[in-house]
Every structure is written in C-alpha cells, then in structure tokens.
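Trainee: Got a structure for you, questions after.
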Amino acid sequence: MTTLTARPEAITFDPQQSALIVVDMQNAYATPGGYLDLAGFDVSTTRPVIANIQTAVTAARAAGMLIIWFQNGWDEQYVEAGGPGSPNFHKSNALKTMRNQPQLQGKLLAKGSWDYQLVDELVPQPGDIVLPKPRYSGFFNTPLDSILRSRGIRHLVFTGIATNVCVESTLRDGFFLEYFGVVLEDATHQAGPEFAQKAALFNIETFFGWVSDVETFCDALSPTSFARIA
C-alpha cells in the first residue's frame with residue numbers, strides 16, 4: 001500500500017491493484033495539425049504534458065500498475081460517430097469541423113489515420129492495454145469496467161487530454177461505478193481556455209475524486225515510500 005498526497009485529502013491505494021489511465025494522447029489532441037488545432041483550440045502547451053505522462057507511466061509500470069491507453073475516434077465511415085439522430089453528431093467538434101471544411105472529411109479521428117494515432121513519444125508496451133472508445137467516457141461501449149473488475153482494480157489514476165472533456169467524463173462515470181479516481185493535474189491539458197482546466201479540477205476534487213501531480217505520484221511509488229508505509 002502507498003499513500004498519495006492529494007487534494008482534498010491524501011488517498012491510500014495498492015499500486016498492484018490500481019491502473020494508470022492515459023486518455024486520448026493522440027495527434028488529434030496534442031499535436032499541431034491535429035483535430036483540436038484545426039478546430040481552433042490551443043495545443044501549443046501540450047509538450048510538457050506529454051513529458052509528464054512519460055514520467056508517470058514509467059513510475060506506474062515499475063510499481064506494477066496496469067497501464068491503459070485510450071484512443072478516441074471512429075471507423076473510416078464514421079458509423080460509430082452516430083448520425084443526425086445522435087447528439088454526438090451535433091456536438092462533436094471534430095464532426096462539425098469536417099462538415100465546415102469538407103477537405104478534412106475522413107481525416108479527423110478516423111481509425112488508421114495519423115490523427116487517430118498516439119503521439120510518437122508515448123508507446124504502449126507489452127502488458128499494457130489499448131482501448132478504442134467512441135464517446136467522451138472511457139466506460140461507454142468499451143470493456144473497461146469488466147477489465148478492471150476482473151483484476152480487482154478499484155483505484156484509477158488519470159492523465160491525458162482533455163481534462164474537461166474525456167478525462168473528467170471517464171472519471172465521473174468511474175465514480176458512479178464505485179471507482180476511486182485521481183487526476184495528475186500536470187499530466188493533463190484542457191480543450192479551451194485555462195479556466196476550463198481549473199473548473200474541471202475543482203469539480204473533480206470537490207465532488208468526484210482527488211487531484212495530485214506527477215512528482216508527488218512518483219514519490220509515492222518509490223521504494224522508500226513503500227518502506228515507510230510498511
């Protein structure tokens with residue numbers, strides 16, 4: 001067991017019965033020329049987030065945590081995105097951007113595309129799990145819940161993009177399913193203005209989970225921390 005300093009209070013968990021969730025670290029969300037950038041969102045400050053996720057993943061893997069990578073997107077025909085009868089059709093900024101810029105049709109968040117791929121710096125390793133997801137929440141229409149329950153995992157540590165959309169949506173759904181969710185704030189990035197990041201973190205630490213940072217997380221997983229707790 002290890003204790004992680006967090007807001008609003010510390011949380012204790014067993015790393016070997018916990019998972020690090022990396023949400024949508026795709027070119028679409030973190031790279032110039034990707035979907036978010038083309039849709040008018042600022043991705044200029046995502047590089048430190050990528051580096052911090054690398055650090056968190058390395059520490060989590062060494063501590064025996066399961067690493068789960070999400071990729072958001074749909075089939076090449078966008079059947080999985082839903083048609084006009086789906087609210088996703090009307091609210092997805094990727095779909096709206098392609099409708100407004102027909103030359104982008106088939107390029108944004110389509111499985112197999114550069115946009116859909118994880119950024120070059122983040123490479124899943126053997127033993128990691130990579131899951132596609134068709135909506136903001138990683139629990140919707142994916143096997144995430146059954147994967148976690150079959151392994152006795154109840155604690156989830158979140159990183160990725162976007163804090164105020166897919167990260168928060170997945171953590172909230174996990175809360176409703178009795179999972180303990182922690183966000184590493186400097187390993188996440190918002191879609192939109194800075195206040196969106198602050199609002200998402202406020203919601204999480206006040207109502208749905210806990211907030212910490214990468215350095216504190218790595219310190220908690222270090223052998224000396226385990227020795228102190230034991």
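Backbone N, Cα and C define each Cβ position, glycine as well.
Here's the feature list from Swiss-Prot:
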- Asp24: active site, proton acceptor (ACT_SITE)
- Lys133: active site (ACT_SITE)
- Cys166: active site, nucleophile (ACT_SITE)
Trainee: Indicate whether Cys166 (active site, nucleophile) is helix, strand or coil by DSSP.
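Mentor: Reduced to three states, the DSSP call for Cys166 (active site, nucleophile) is helix.
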Trainee: May I ask you to report the DSSP-based helix, strand or coil state of Asp24 (active site, proton acceptor)?
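Mentor: Assignment for Asp24 (active site, proton acceptor) reads coil.
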Trainee: C-alpha of Cys166 (active site, nucleophile) to C-alpha of Asp24 (active site, proton acceptor): distance in Å?
Mentor: 8
Trainee: Compile a sequence-ordered list of residues in the same chain as Lys133 (active site), six or more apart from it, whose Cβ lies below 8 A from its Cβ; state 'none' when nothing qualifies.
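Mentor: Correct list: Phe70, Gln71, Asn72, Phe140, Asn141, Thr142, Cys166.
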Trainee: Output, ordered by sequence, the same-chain residues six or more apart from the residue listed as 'active site, proton acceptor' with a CB under 8 Å from its CB, or 'none'.
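Mentor: For the residue listed as 'active site, proton acceptor', the qualifying residues are Phe70, Gln71, Asn72, Gly160, Ile161, Ala162, Cys166.
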